[in-house]
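**Student:** Provided herewith is a single structure, encoded as structure tokens, for subsequent inquiry.
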């Protein structure tokens, strides 16, 4: 089946709801370049299911805009599935280039005027990342309603809001929480040489990692001198040390792999601090 538009594809999927929150635009969605609202990830999800994402690599046998190439298995990063349909007009295909009738072209091929980026609605807040000790709950939004195109400006403001949660003390320490995350990777082999799997007991690399690296899942092999990344990042809410001493009452914690600063009110980047009497945002 040739998929010419999001509307046609969605109508073929029972219960599809991808068109319920279309922005108010003049003319049809085809006239307003549907790829500005539905990127490659969205097109992959419609074609292959909710776990599908845009293929992270490309091949030279077909032009980018001529084929929908998707990664359908999150655990398989080496292969992708392809659907021989063109990407939607308005899909970004290269820096400052967009798909038009199966070709990746520059803005002067479009009759459209400048399109400035606009935010999507906020997502729901995520579950708290920890049950005690101060986890993080967050929500996000995307600059895709529509995406900026043809020289338009990016969305202004932040795409993330986060709040500390479950701040009651744990029986264990913050260092214990880091150690627990390292030890959970013990069953995963380390391949120091091809076809040679080695197993180690992994412990925190506290004191060695600096800056943003503190939020990567860096662990030290017990009894050895090397430090290895054992995953993409520590759990949100894992404590870290910013380059400069945090203001009185602030908390530095990992959020999405970065060391971020929460105010005394538990809100990310609020800038609120305790006064000399220990009152949050007091005089």
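Glycine too: its Cβ is placed from the backbone N, Cα and C atoms.
Quick paste of what TrEMBL says about this protein:
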- 18, 21: Ca(2+) 1 binding site (BINDING)
- 21: Ca(2+) 2 binding site (BINDING)
- 44-70: disulfide bond (DISULFID)
- 55-80: disulfide bond (DISULFID)
- 65-99: disulfide bond (DISULFID)
- 93-104: disulfide bond (DISULFID)
- 128-165: disulfide bond (DISULFID)
- 132-170: disulfide bond (DISULFID)
- 143-155: disulfide bond (DISULFID)
- 34-105: domain 'ADAMTS cysteine-rich' (DOMAIN)
- 173-283: domain 'ADAMTS/ADAMTS-like cysteine-rich' (DOMAIN)
**Student:** I'd like to know which of the disulfide-bonded residues 44, 70, 128, 155 sit within 10 A of residue 55 (disulfide bond) at the Cα level.
**Tutor:** 44, 70
**Student:** Going by DSSP, give the three-state secondary structure for residue 104 (disulfide bond).
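**Tutor:** Residue 104 (disulfide bond) sits in a strand per DSSP.
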**Student:** Can you tell me the CA-to-CA distance separating residue 99 (disulfide bond) and residue 132 (disulfide bond), as a whole number of Å?
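**Tutor:** Counting only the Cα atoms, the answer is 48 Å.
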**Student:** Could you tell me the C-alpha distance between residue 93 (disulfide bond) and residue 65 (disulfide bond) in angstrom, no decimals?
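**Tutor:** Residue 93 (disulfide bond) and residue 65 (disulfide bond) have their Cα atoms 7 Å apart.
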**Student:** Take the C-alpha atoms of residue 170 (disulfide bond) and residue 80 (disulfide bond) and report the distance between them in angstrom, rounded.
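**Tutor:** With the alpha carbons as reference points, the distance is 43 Å.
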**Student:** Ranked by the number of other Cβ atoms within 10 Å of their own Cβ, which of the disulfide-bonded residues 44, 55, 132, 170 ranks first?
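**Tutor:** For the disulfide-bonded residues 44, 55, 132, 170, the Cβ with the most other Cβ atoms within 10 Å is 44.
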**Student:** Do you know the mean pLDDT across the domain 'ADAMTS/ADAMTS-like cysteine-rich' (173-283)?
**Tutor:** 92
**Student:** Reported in the order helix, strand, coil, what are the DSSP residue counts of the domain 'ADAMTS/ADAMTS-like cysteine-rich' (173-283)?
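**Tutor:** Each residue of the domain 'ADAMTS/ADAMTS-like cysteine-rich' (173-283) counted once, the result is 15 helix, 32 strand, 64 coil.
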**Student:** Compile a sequence-ordered list of residues in the same chain as residue 65 (disulfide bond), six or more apart from it, whose Cβ lies below 8 A from its Cβ; state 'none' when nothing qualifies.
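**Tutor:** In sequence order, the residues whose Cβ lies under 8 Å from that of residue 65 (disulfide bond) (at least 6 apart) are 86, 87, 91, 93, 99, 100, 102, 103, 104.
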